[in-house]
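If you look up Swiss-Prot, you'll see 24-67, 125-154, 205-217, 273-285 marked as topological domain 'Cytoplasmic'. Annotation comment: Swiss-Prot describes 89-103, 176-183, 239-251, 307-313 as topological domain 'Lumenal', evidence class sequence analysis. Residues annotated as transmembrane segment in Swiss-Prot, with sequence analysis given as evidence: 3-23, 68-88, 104-124, 155-175, 184-204, 218-238, 252-272, 286-306.
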Amino acid sequence: MKFLGVILLASFLLIATFLIGLIPLYYIDKQKSSIVTNQEGADSISDFTTNADTQTINDDVSSYRVKIAVLSQFGIGMLLGTSFMLVIPEGIKACVEHDGNVGVNLLIGFLGVYVLDRLVTLWVSRKQTVYTHDAVKFQSWKDIINHPRQIWMNLIQNNVVFALFIHGLSDGIALGTTTNNDSLLIVVLIAIVIHKIPAVLSLTSLMVSRQNLMKWEVICNVFLFASSTPIGYIVLSLLNLSHSPTMDWISGNLLLMSGGSLLYASFTAFVGGDSHDHDLSVEQEVVLPHDESVYVLIGVCIPLVISYCISEE
């Protein structure tokens with residue numbers, strides 16, 4: 001029964017993230033169609049009307065970016081609050097019960113993701129990938145089925161997608177450590193989902209508008225990114241479901257390590273130091289209705305309230 005729940009939750013994560021990631025693709029296609037329609041009717045439409053349509057499109061894009069920026073700041077607050085108020089306290093409790101070292105586990109979780117992040121950054125910077133799509137151009141879903149190897153090659157060659165794929169795996173591992181704690185699982189799941197929504201929206205927008213990738217390649221990359229967290233979650237959950245003394249000890253220490261990894265994710269996003277987020281950043285290009293600290297604090301307050309509700313139970 002637990003295994004079925006793991007598969008259903010992983011499927012939900014995959015489908016939800018994938019569908020949300022397709023929204024910018026649909027939105028941009030719709031805007032392009034609108035521009036083409038305006039250009040075709042340019043002879044019969046006044047310059048004033050054309051300029052008005054262009055201004056409307058620009059306003060829509062600006063509004064879209066503001067919403068992503070607000071959601072991104074809110075997600076940072078959720079991750080920060082979840083790390084400090086829920087995952088780390090529960091991890092310390094589990095770690096002490098299994099005679100683990102609190103400081104070492106936190107440090108391993110934090111530095112583990114940091115080192116992995118740096119290795120990915122160094123690898124892609126040395127490679128200096130240039131997007132020359134000479135190999136296979138995906139024109140339809142049939143091309144995707146016929147060339148599965150090219151899908152992974154595109155992932156590895158795309159610096160931003162590859163870095164976010166690795167980051168998604170670490171999120172899934174953090175989620176998998178909470179399999180045996182339902183209340184904590186729900187809160188961590190919500191925090192990760194809210195964190196992934198602006199990431200996948202920005203990723204799709206980046207691939208379409210800046211990298212000029214073809215539609216089906218964008219869809220493939222979005223699907224791979226969407227699958228990263230479910231993969232990490234399923235692997236750790238399956239290990240967690242085997243109730244052996246060794247696995248109990250490992251899971252007890254892994255929960256605190258996952259707290260360290262979540263702390264790294266929230267900290268780097270909070271201070272703007274996450275290297276692969278620079279290309280995805282939209283906050284620097286838009287003016288938010290309120291200061292960004294307002295949205296971060298709102299995000300922090302939700303795990304704070306939930307932590308008191310859980311402690312009362």
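Cβ atoms here come from the backbone N, Cα and C positions, even for glycine.
Fair warning: this is a prediction, and the values are worked out from it, not measured in the lab.
A contact between the transmembrane segment (252-272) and the transmembrane segment (3-23) is absent, since fewer than 3 of their C-beta pairs, 6 or more residues apart, lie under 8 Å. Listed as Cβ neighbours of the transmembrane segment (218-238) (distance under 8 Å, sequence separation of 6 or more from its ends, same chain) are residues 3, 6-7, 9-11, 13-15, 17-18, 21-22, 25, 138, 144, 151-152, 154-155, 158, 161, 164-173, 175-177, 179, 192, 196, 200, 203-204, 207-208, 254. Same-chain neighbours of the transmembrane segment (68-88): 106, 174, 178, 184, 187-188, 190-192, 194-199, 201-202, 205, 255-256, 258-260, 262-263, 265-267, 269-270, 282-283, 286, 288-289, 292, 295-304, 306-307, 310, counting only residues six or more beyond its ends whose CB sits under 8 Å from a CB of the stretch. Through the fold, the transmembrane segment (184-204) approaches residues 9, 13, 16-17, 20-25, 68-69, 71-72, 74-76, 78-79, 81-82, 86-87, 90, 160-161, 164, 168, 171, 174-175, 178, 218, 221-222, 225-226, 229, 262, 265, 269, 280-282, 299, 303, 306, 310 of its own chain, all at least 6 residues removed from its boundaries and within a Cβ separation under 8 Å. Cβ atoms under 8 Å from those of the topological domain 'Lumenal' (176-183) belong to residues 2, 6, 87, 90, 232-237, 239-241, 251, 254-255, 257-258, 310, 313 of the same chain, restricted to positions at least 6 beyond its ends. DSSP assignment over the topological domain 'Lumenal' (176-183) gives 3 helix, 0 strand, 5 coil. Outside the transmembrane segment (286-306), and at least 6 residues removed from its termini, the chain residues within Cβ reach (under 8 Å) are 62, 65-66, 69-70, 73-82, 84-86, 187, 191, 194, 270. Here the topological domain 'Lumenal' (89-103) has Cβ contacts under 8 Å with residues 178, 181, 184, 248-249, 251-253, 255-259, 307 of the same chain, all six or more residues outside its ends. Counted with DSSP, the topological domain 'Lumenal' (89-103) comes out as 11 helix, 0 strand, 4 coil. Mean pLDDT for the topological domain 'Lumenal' (239-251) in this predicted model: 69.
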